[in-house]
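Q: First, the structure itself, so that you have it in front of you.
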Amino acid sequence: MAELDIATGELNIATGELIGTWLQLLATGAYLMYVPQCATVLWRDWKAGSSPPWLPIACALIFILTMSDLALGLVRAYQAFHVKPGERADPLTYYLDARTALDICKNVADVVLPLILDTIIVYRTYAIWDKRVAVIALPGCLVLVNLVFGALALAALPLGRVQASGLVSSSTLRYYLITTLCLNVTCSGLIWWRIWRISSGVFRLSSFSQYRSGGSVMSQVLEVLIQSAAIYCAYLLALILSSRTSLFFILVNPFPAVSAIVFCSLIVRARSTHSVSTDGLSLSMTLHLGRDLRCPSCTEAEHAGDAEPSEWHNSDVEVGRETWTRGHTS
């Protein structure tokens, strides 16, 4: 059995776990900076009656899982590198044993958190597409498939074959990550298409000079995509590509914190509405995890045949419509 050789810089599982724990500490610190802002947004939305009841629960679960994963990682690192009197530290042997209670609990947190985020992005797609069940048929099936792969991964990981260079029998875990990636790419594509259809319809109702004052439609669409999918999907792809190497352990430890950062940043940034207001015409796109996509001028776009009929029932919509009415009656 290979030993940890810090002097030669050998990247085995013990080294990967240690570096991953350091990165997890940094990522969790960044996440904790978002938590107060996220809590403030949720509190304001709850007082205004505009926050869905499940959203605070989801945020609480994500917080608990993220912090539990960090605590378990720190305890495992302490036990692995702790030197008892008269003994030599052997972190590699410790980390090669995937059947400890701490390791199993950490695996549960690592698997359950993406499942929660998968469910949320499917709901976002469902809400943005005016609650059309047919649209989320494929994403819904992917969630169910991922649930099965997640359960199989939790059962297989303690029995998996681990070597100093990496996890070599992680097929179910790899399938789980691939399904998660496919689900997020699919939902992000559906969200992008919906935003593009609506925003391009609104663009035709205003002149180019009017719309240019607030920025292009596509730049706003790309910004939403970057916030909701790019970082998360790129991280998933990195996990998939490194799943048979010790680099996987460097990346998997910060994964819960990175996922929580993406989730919380969406809630906080959703309060910032991208608006274009010229001669009373207002384009307001607010993408919230628990709300529909809002666009005050979508009614006009739909009547013009540029977007599909839908119902918009949010305070942002009412404010936008009042602004549009005042601009045309003054």
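The backbone N, Cα and C atoms fix where each Cβ goes, glycine too.
TrEMBL labels come from automatic prediction, so no person has curated them.
What TrEMBL shows for this protein is this:
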type: TRANSMEM; residues: 12-34; note: transmembrane segment
type: TRANSMEM; residues: 54-75; note: transmembrane segment
type: TRANSMEM; residues: 133-155; note: transmembrane segment
type: TRANSMEM; residues: 175-196; note: transmembrane segment
type: TRANSMEM; residues: 217-241; note: transmembrane segment
type: TRANSMEM; residues: 247-268; note: transmembrane segment
type: REGION; residues: 305-330; note: region 'Disordered'
Q: Run the contact check on the transmembrane segment (247-268) against the transmembrane segment (12-34): 3 or more C-beta pairs under 8 Å, excluding pairs closer than 6 in sequence.
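A: Counting Cβ pairs under 8 Å (6 or more apart in sequence), the transmembrane segment (247-268) reaches the transmembrane segment (12-34), since there are 3 or more.
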Q: Between the transmembrane segment (175-196) and the stretches 12-34, 54-75, 133-155, work out which stretch tops the count of Cβ pairs under 8 Å.
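A: Stretch with maximum Cβ contacts: 133-155.
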Q: When you check the transmembrane segment (54-75) against the transmembrane segment (12-34), do you get at least 3 Cβ pairs under 8 Å, counting only pairs 6 or more apart in sequence?
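A: Per Cβ check, the transmembrane segment (54-75) touches the transmembrane segment (12-34).
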Q: Taking a Cβ cut-off under 8 Å, which residues six or more beyond the ends of the transmembrane segment (133-155) line up next to it in the same chain?
A: 104, 107-108, 111-112, 114-115, 118-119, 121-122, 125-126, 170, 172-173, 175-176, 179-180, 182-183, 186-187, 190
